[in-house]
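Colleague: Attaching a single structure in structure tokens format; questions to follow.
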Amino acid sequence: MKLTCMMIVAVLFLTAWTLVMADDSNNGLANHFLKSRDEMEDPEASKLEKRACSKKWEYCIVPILGFVYCCPGLICGPFVCV
């Protein structure tokens, strides 16, 4: 019984994964995502996407662990932007 339930869940998961990852011949999904992002009307929402960045030799946290990122063109070395 448990094996049957696991098989059903696995088949449903793989079916959903296949449908989500399927390539749309006319890029229908890609166009919807780009359109909704480009036509965003709320200016406050765009402010939320901007993050403060750390300049060279300033303290940073690895992006996976924290919220302080290095400015464009720099990478977070061992706890400082280089």
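Backbone N, Cα and C define each Cβ position, glycine as well.
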Colleague: Disulfide partner of Cys53 per Swiss-Prot: which of Cys71, Cys76?
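Modeller: Among Cys71, Cys76, the cysteine that Swiss-Prot links to Cys53 by a disulfide bond is Cys71.
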Colleague: Cys81 pairs with which of Cys5, Cys70 in a disulfide, per Swiss-Prot?
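Modeller: Recorded disulfide partner of Cys81 in Swiss-Prot: Cys70.
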Colleague: Long-range neighbours only, meaning 6 or more apart in sequence with Cβ under 8 Å: which ones does Cys70 (disulfide bond) have?
Modeller: Cys53, Ser54, Cys60, Cys76, Cys81
Colleague: Tell me the coarse DSSP state (helix, strand, coil) of Cys81 (disulfide bond).
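Modeller: In three-state terms, Cys81 (disulfide bond) counts as strand.
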Colleague: I'd like the number of other C-beta atoms within 10 A of the C-beta of Cys53 (disulfide bond), please.
Modeller: 15
Colleague: Are there any residues at least 6 positions away along the chain from Cys71 (disulfide bond) with a Cβ closer than 8 Å to its Cβ? List them or say none.
Modeller: Cys53, Ser54, Lys55, Lys56, Cys81
Colleague: Near the Cβ of Cys76 (disulfide bond), how many other Cβ atoms are there if near means within 10 Å?
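Modeller: 19, counting other Cβ atoms within 10 Å of Cys76 (disulfide bond).
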